[in-house]
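Asker: One structure follows; several queries about it will come next.
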Amino acid sequence: MPEQKSSNNLQPLDLTTDDNQQQQQHQQHQQQKPDQKNTISSREESVSNESQQCNLRKEKKKQIKWLKETPAQQRERFIRQLRAELTVNASDGGRGGGASRQPFTRGGSGINGIGSSCSRDRASREADHRSTVNYSVDENPERGNWSGRLDFVLSCLGYAVGLGNFWRFPYLCFSNGGGAFLIPYAILLLLCGIPVFLLDLSLGQFTSEGPATCWEFAPIFTGLGYSMVFLSTTVSTYYNIIISISIYYTFASMTSTLPWNNCSHHWNTNSCTDRLPFVSCGEGQPQPNGTCYNGTIFLGIYNESLFQKTTGLRRILASEEYFNREVLKVSGDINKFGSPDWKLVMCLLLSWIVIFLSMIRGIKSSGKVVYFTALFPYVILLIFFIRGVTLENAIEGIRFYIVPDFSALGKARVWKDAAGQIFFSLSCSWGGLMSLSSYNRFHNNVIRDTFFVTSANCLTSVFAGFVIFSFIGHLAGNLRVPVSDVTRSEFGLAFIVYPEVMNLLPGSNYWSILFFIMIFSLGIDSQFGLVETLITALCDKFFVLRRHRLPLIGVVCFVMFLLGLPFTCSGGLYLMNIFDRYLSGWIVLLVGFMECILVGWVYGRPGFGKFHRFTEDIALMMRQSISPVWRYMWQYVTPALILFTLLASVADLGRTEYTKGKGDYYPIWADALGWLLSVIPLLIIVGTGLSRLLMEPVGISWWRRLRDLSIPTYTWGPAIPRYRLLMAPYLEKLGVLKYFYLDPKRNIKFIDVFPIESLNNMDE
């Protein structure tokens with residue numbers, strides 16, 4: 001019998017081995033999981049690829065089908081698509097266009113379900129305001145929109161707040177009664193500046209069109225937009241010279257000693273301040289002409305007023321000689337025009353390159369650049385204010401700036417200057433505001449933006465005055481002359497007075513660089529708006545240029561650079577004075593006056609009771625009714641004030657002088673050139689109106705032609721169909737709804753999309 005193993009010989013269980021085997025199996029299972037995940041993801045990718053390919057095949061089939069469509073079939077398809085789009089937009093609570101599922105049933109009070117957003121309940125409006133706007137997606141893809149909430153506001157602020165705020169306002173303030181000047185300035189800002197500013201912004205935003213094409217509410221006056229484009233284009237050619245000079249000074253400040261620090265340079269004359277020093281003449285012999293000698297040795301001047309009266313000479317600041325004799329190389333008169341200075345030409349070229357690069361993507365790029373260029377000047381102004389008020393004799397300059405002379409309020413010239421500064425500072429009626437607002441979303445709060453920009457512009461002007469005159473008071477104390485003798489011109493404030501003040505500060509190079517970078521920032525923002533006016537006008541008039549915007553910007557900048565070359569010559573400063581005097585004066589006021597008349601009386605013609613079309617259009621954008629005060633401003637108050645200022649400006653236009661009040665006049669041909677420049681916009685307005693009259697069909701009376709060209713076309717209105725739909729209620733009341741185009745680009749009328757039988761009975 002086989003021998004049986006005893007129980008004592010049994011092997012024990014190896015638990016360790018089992019644990020190891022379980023761990024190995026677990027690891028293998030974990031290693032298989034990624035493979036399974038990869039397999040699943042690859043299957044999902046293949047499925048998504050298949051679905052994409054399927055969608056592409058469907059799209060291709062649709063395109064092939066569309067190619068075989070007749071024009072009538074294609075039109076029917078467009079109508080179905082538009083009806084579906086508007087119905088979908090209407091079903092989301094009115095945010096897309098404000099209608100219901102069955103919006104176009106006739107009722108006793110008009111078309112039910114459509115209505116301006118003014119009639120919507122308050123809760124619905126508040127829900128709309130709380131809704132988030134996706135700025136990464138354009139509302140108007142063909143044209144484009146601002147890509148940030150503050151892009152438009154800062155662009156408007158930068159366009160309006162320019163060099164005029166920095167030197168022109170303080171100069172006008174102290175020469176027109178000091179602090180008393182703020183009274184007419186504030187009154188005219190409220191009654192004249194803000195209404196025209198709102199008019200410009202609203203017109204561009206409502207139509208999504210620039211100044212060249214937004215006048216279809218009165219086609220005979222289309223030339224008004226062309227005149228704005230001409231003014232902005234012409235002004236930008238010489239305005240960029242100021243930016244170029246700031247670049248010149250910035251580079252000149254990057255030296256160990258500022259070049260205008262003393263009178264030892266080759267461009268200095270014997271009238272430079274260092275060569276005519278002030279002396280007490282205690283040890284010398286005072287002369288009858290105010291000079292002091294020690295024998296035959298000239299010591300200096302002991303009485304400057306006597307010296308100026310007897311010799312006809314004056315002490316010239318080193319900064320003034322640097323500006324006139326080295327930077328601009330100003331000739332004796334405009335007849336000695338000279339040739340372009342290569343340094344200024346290079347700075348001019350650099351400034352246009354900066355503008356091109358900043359606008360390379362249109363408003364998408366310039367809208368981001370303004371975050372720096374619009375805000376940086378305020379930082380520098382604040383720094384200079386803190387530094388300025390701590391200087392010796394600063395209070396004398398500030399006192400000269402703000403002490404009111406109320407007797408000046410009785411002079412018509414003070415009110416004329418205040419109104420002119422409002423238009424000059426806010427940049428109203430130049431077309432730039434229309435161009436910038438045309439890229440807004442339809443429901444942007446244009447009234448809020450108007451009050452913000454105009455208020456910020458006004459406060460900037462006042463604040464800049466405190467900064468400037470604190471430094472002027474310090475300079476006057478060092479020169480021992482009255483403050484009024486330091487400030488001889490508005491242009492000289494930036495490039496003569498301030499550079500001279502820099503010499504008196506420790507670390508003058510750094511202060512100088514900061515100052516001229518600020519001047520550059522102030523100027524470049526305004527230049528963006530001027531150039532954008534021309535670019536927008538060309539793209540709106542010739543749609544094909546929208547696809548070639550980059551080369552268009554390049555060509556425009558290059559041509560403008562060439563047009564600016566004459567201003568870099570020795571006689572360029574005189575030419576700049578001619579352009580500035582005649583292009584920023586009465587003609588801009590005339591354009592603003594015509595704007596108010598067109599909107600207040602021609603488009604918003606009387607006879608409809610309390611109804612006014614333009615205020616209703618703004619209400620559609622605002623989603624709520626607006627005050628009727630705006631209507632009365634545009635119809636009565638604002639045009640009356642502009643007309644007064646216009647007549648006073650024309651009456652005050654005499655011959656141009658080299659030095660104001662000296663009687664040394666420019667030659668006749670120079671003033672003739674200025675009048676020609678200012679009359680060209682007027683000729684454009686009249687010529688365009690006459691051409692539109694002549695282009696009307698033969699056989700129609702002239703009165704009928706004039707009437708037809710003074711009412712809105714049936715294509716007038718917002719660019720996007722769902723916003724054009726908002727005009728339906730009041731167009732029905734006016735009896736023109738059945739002629740109204742809901743999609744002008746595809747020639748689709750309102751009744752093509754939403755047929756209404758009873759429209760045939762409406763009063764035409």
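Backbone N, Cα and C atoms are what each Cβ position is placed from, and that goes for glycine too.
No curator has checked TrEMBL annotations; they are predicted automatically.
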Asker: In TrEMBL's disulfide listing, Cys263 is paired with one of Cys272, Cys281. Which one?
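Answerer: Recorded disulfide partner of Cys263 in TrEMBL: Cys272.
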Asker: Checking distant contacts: for the transmembrane segment (451-472), what same-chain residues at least six beyond its ends satisfy Cβ-Cβ under 8 A?
Answerer: 153, 156-157, 160-161, 165-167, 169-170, 173-174, 182, 185-186, 189, 193-194, 197, 378, 381, 384-385, 388-389, 391, 394, 397-398, 400-402, 425-426, 483, 486-487, 493, 497-498, 501
Asker: Apart from Gly158, Ala160, Val161, Asn165, Ser425, Asn457, Leu522, Asp525, Ser526, which residues in this chain have a Cβ no more than 8 Å from the mean position of the Cβ atoms of those residues at the Na(+) site?
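Answerer: Leaving out the recorded residues gives Leu157, Tyr159, Gly162, Leu163, Gly164, Ser427, Thr460.
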Asker: Provide, as an integer number of angstrom, the distance between the C-alpha atoms of Val161 (Na(+) binding site) and Cys263 (disulfide bond).
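Answerer: That comes out at 35 Å between the alpha carbons.
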Asker: Given a separation of at least six residues and a C-beta threshold under 8 Å, show me what packs close to Ser425 (Na(+) binding site) in the same chain.
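Answerer: Sequence-distant Cβ neighbours: Ala160, Val161, Gly162, Gly164, Asn165, Arg168, Phe169, Asn457, Ser461.
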Asker: State the count of C-beta atoms found within 10 angstroms of the C-beta of Gly158 (Na(+) binding site), not counting that atom itself.
Answerer: 29
Asker: Cα-Cα separation of Leu522 (Na(+) binding site) and Cys272 (disulfide bond), in Å?
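Answerer: About 31 Å separates the two Cα atoms.
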Asker: Do you know offhand how many angstrom separate Cys272 (disulfide bond) and Gly158 (Na(+) binding site) by C-alpha?
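Answerer: Cα-Cα, rounded: 37 Å.
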Asker: What stretch, picked from 552-576, 632-653, 673-695, has the most CB pairs under 8 A with the transmembrane segment (582-603)?
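Answerer: Ranking 552-576, 632-653, 673-695 by Cβ pairs under 8 Å to the transmembrane segment (582-603) puts 632-653 first.
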Asker: For the transmembrane segment (510-531), which recorded stretch in the set 181-203, 369-386, 552-576, 673-695 gives the largest number of Cβ pairs separated by under 8 Å?
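Answerer: The stretch with the most contacts is 369-386.
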Asker: Does the transmembrane segment (632-653) make contact with the transmembrane segment (342-360) through 3 or more Cβ pairs under 8 Å, each pair 6 or more apart in sequence?
Answerer: no
